[in-house]
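Here the structure comes first, spelled out in structure tokens, and everything after it is commentary.
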Amino acid sequence: MSKRDYYEVLGVARGASDEELKKAYRRCAMKHHPDRNPGDAAAEAAFKECKEAYEVLSDGNKRRAYDAHGHAAFEHGMGGGGGGPGSPDMGDIFGDIFGNIFGGGAAGPRAARRGADVGYVLELDLEEAVAGIERRIEIPTLIECVSCHGSGSEDGKVQTCGTCHGRGQVRIQRGIFAMQQSCPHCDGRGTLIQNPCKTCHGAGRVEENKVLSIKVPAGVDTGDRIRLAGEGEAGPAGTPPGDLYVEVRVREHAIFQRDGDDLHCEVPIRISQAALGDTVRVATLGGEAEIRIPAETQTGKLFRLRGKGVRSVRSRSEGDLYCRVVVETPVNLTADQRELLQQFEATFTGEDARKHSPKSATFIDGVKGFWDRMTS
């Protein structure tokens, strides 16, 4: 019996794109999959025909050979007995197309799990976070066993698992669907170790403290994460390692509070400075700066110093420094100072008090009005 044209099998034109081929194969395979047609020999044969056609047409070299010579291109050396050219494994093609629907993705040792990711909290002072720093850290982790180079075998020899036949996964029937899961016999490796390594006892990994140097970019803030690819735990049986995620945590500062790329601080000034005005020096992360306090400044007034905040780790623009003035009440007064203040206070009488302390007068008037309403 002659074979059907592969394009006809998938129902596509000869100029079909790779994406069109994949969609056509998906439709064909879904329709004829044995799990949907249990005991149907015709459906099983059609399913194999779909796989065979897709294996050829999805491979550029095979497709060119087929377009030039038809089925004759595979009559010598590519047969492979009843399964068509190359006899594709369902895990190679069908699993790649359908993911978890029928096979859980690409099967076998190729899909073996990677090493676990590792987290580390790095505490920094505000100055370190703003300027950037290189810091050495030590983390407990699993590294590849140097004795067996991660194989877990003392002599380097491994045996193919008889349960999963080296694929690392086994099929589990769930109604009309067949699911795949990690082989419980070989733990998903696809191989078994007859002579375990004496150092790692067959695990291929050993516990050890790893010392790393981390370059922290300038401008990081609490919650930012730095990813170091491949610096997590070593993968089992030589699979790729996980990643290391360093989470930044910035300690509280004695002077500054951070809000994004802006900084805030309080600047205490004396009553005389607030009343008469003055120029005061304030601390910034880059040194000192001056702010001019105008006469009659009240507590809470904000002064903005542009560009004196934090340089953004993302945009590289600079934030600002906001200085909030706090008028400080004098303490530990001498007798002379107390007398001077008493003389000063004596000048606040009548309308002069309302003129020189308008907020106090407004507050007193408000309290008086409240009690008048309560007692009326």
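Just so you know, the numbers here start at 1 and follow the chain as drawn.
The backbone N, Cα and C atoms fix where each Cβ goes, glycine too.
Here the structure is a predicted model, which means the values were calculated and not measured.
Quick look at what Swiss-Prot lists:
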- Cys145, Cys148, Cys197, Cys200: Zn(2+) 1 binding site (BINDING)
- Cys161, Cys164, Cys183, Cys186: Zn(2+) 2 binding site (BINDING)
- 5-70: domain 'J' (DOMAIN)
- 145-152: repeat 'CXXCXGXG motif' (REPEAT)
- 161-168: repeat 'CXXCXGXG motif' (REPEAT)
- 183-190: repeat 'CXXCXGXG motif' (REPEAT)
- 197-204: repeat 'CXXCXGXG motif' (REPEAT)
- 132-209: zinc finger (ZN_FING)
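Feature annotations (Swiss-Prot) mapped to structure.
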| residue | record | Cβ neighbours (10 Å) |
| --- | --- | --- |
| Cys145 | Zn(2+) 1 binding site | 21 |
| Cys148 | Zn(2+) 1 binding site | 25 |
| Cys161 | Zn(2+) 2 binding site | 21 |
| Cys164 | Zn(2+) 2 binding site | 24 |
| Cys183 | Zn(2+) 2 binding site | 20 |
| Cys186 | Zn(2+) 2 binding site | 25 |
| Cys197 | Zn(2+) 1 binding site | 22 |
| Cys200 | Zn(2+) 1 binding site | 22 |
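Scored by C-beta pairs under 8 angstroms, the repeat 'CXXCXGXG motif' (161-168) has its highest count with 183-190, from the stretches 145-152, 183-190, 197-204.
Over the repeat 'CXXCXGXG motif' (161-168) the predicted model carries a mean pLDDT of 85. Cys200 (Zn(2+) 1 binding site) sits 17 Å from Cys186 (Zn(2+) 2 binding site), taking the CA atoms of both as reference points. Mapped onto DSSP classes, the zinc finger (132-209) shows 0 helix, 35 strand, 43 coil. With helix defined as DSSP H, G or I and strand as E or B, the domain 'J' (5-70) counts 48 helix, 0 strand, 18 coil.
Cβ atoms within 8 Å of the centroid of the Cβ atoms of Cys145, Cys148, Cys197, Cys200 (the Zn(2+) 1 site) belong to the same-chain residues Val146, Ser147, His149, Gly150, Ser151, Gly152, Ser153, Glu154, Pro196, Lys198, Thr199, His201, Gly202, Ala203, Gly204, Arg205, Val206, site residues excluded.
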